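Taken from TrEMBL, the feature domain 'GPR180-like N-terminal' applies to 24-129. The annotation domain 'GPR180/TMEM145 transmembrane' is assigned in TrEMBL to 172-402. The signal peptide feature in TrEMBL is assigned to 1-22. TrEMBL lists 168-188, 200-221, 241-261, 319-341, 353-374, 386-407 with the feature transmembrane segment.
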Amino acid sequence: GEMSRLVASLLAVLLLGSEASAKTVSGLFRSEAARQQRGQFVTKFMFQGDNGLLVCRLENSALAAEKESRLLLYQNLDSDLDNLSCTERLSRASFTISLNQEEFNQTIPRQSSPTAWQALYADRYTCQESAVIPSHPDLSFTVLLFNADSAGNPLEHFSAEEAGLHSFYFLLLLAYFIASCIYFQPLYQALRKGGPMNTVLKVLTMALALQGCSALCTYTHLARYSHDGVGIPLMGSLAEFWDMVSQVSMLYMLLSLCMGWTLSRGRKPQSRPLQWEQSPASTAVAVGGVVTQGVLLLWEQYSESESEHHSYHVQQSLAGILLIVLRVGLALLLASVLYQIISTERSTLKRDFYLSFAKGCFLWFLCHPVLVFLSVVFNDHQREKVVTIGVILCQSIAMVILYQLFLSRSLYWEVSSLSSVSLPLTMSRTNHRGRY
């Protein structure tokens, strides 16, 4: 009930908030907006360095000429422009394109490294504060931005900081597909048999399936985007949504397991560890953590809505910073819990089990904070990619570590102290009998 309501509200907010500005930008040039913003913001794009191209198409070039409409291109629009007067600000543009034709092409000169450019619209009324703006209709436009493709032709819709993500998601989906072909059978059998780890395996499988759905949605969006520069924004939003639900369900599982352990250890010294112990306190901690993370993820999405594609955002908003603090905090909480357990545990087998579990948990929680911290050494156009690809790979590895742990019989053979009948993935029984 609670969980499904949270999921429904997450989805609603995401789909309503998905006003992504794509790299084929269509809209209206409005004189009022240009006056208020001292140049109406149209779009921003990072050109690779060679053969960049901007194409602007207008529906009513006669009206545009009458308004003295122009498109201004700024390289790295600096904040010190805000202190300048309106006319000085407009005169600082690297390029000024007079919009008096139906279509206009502007090639971007060669740069030594990828550079961010912004396009603003201005006309004769922009800086005349007192002049009355005539009631002309707004100008509808389409702006297309291109980087050079591998052959050097300006046909690539991806901005420099997104180049290569398309191929990465394709390889990721391929890896998911191959892994699911190999592991579907043993996993299905393990889930059918039940056993002590059943809930954990169900949650892990659900989280992994959701990550797969997220990757598929992102790939679909990017594949379409590479053709038309617009993509399918709904798919991008769905990708964010599935990823959020996956993150939240993993967090719930890891917190429930850890809190359940610590709180149940005092009461039943011989209790099987790693059981999903339901107590009001452990449930409260788990639900609290999950709700906090859900709210922060949504807030981050909302504050980063200019970013077109599903990714772990680098340009940190307050929500992004709080999310990182939460992840570090949770890792510390798990560390203290696991330290207590490991330091009092005599059996090496159980200690190995807990250490592997700790590895999986820390990799899951700390990969994002660590990568954001390390991304400082990379160039602007590489940061987002390093963090996005790094987090996806690290979290996939963390899931594999946890899967191996909960499916491998040898470790929790003793940990769960159960008869071999109820253990999933029963391997050859003889060699185990010989060992214990």
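Each Cβ is built from the backbone N, Cα and C atoms, and glycine gets one as well.
Outside the transmembrane segment (168-188), and at least 6 residues removed from its termini, the chain residues within Cβ reach (under 8 Å) are 201, 205, 212, 215-216, 218-219, 222, 385, 389, 392, 407, 425. Model confidence over the domain 'GPR180-like N-terminal' (24-129) is summarised by a mean pLDDT of 87. Listed by sequence, the residues of this chain that lie at least six past the ends of the transmembrane segment (386-407) yet keep a Cβ under 8 A from its Cβ atoms are 165, 168, 172, 186-187, 190, 197, 200-201, 204, 207-208, 211, 215, 250, 311-312, 314, 353, 356-357, 359-361, 363-364, 367-368, 371-372, 374-375, 378, 424-425. Across the range of the domain 'GPR180-like N-terminal' (24-129), the DSSP-based residue counts are 24 helix, 45 strand, 37 coil.
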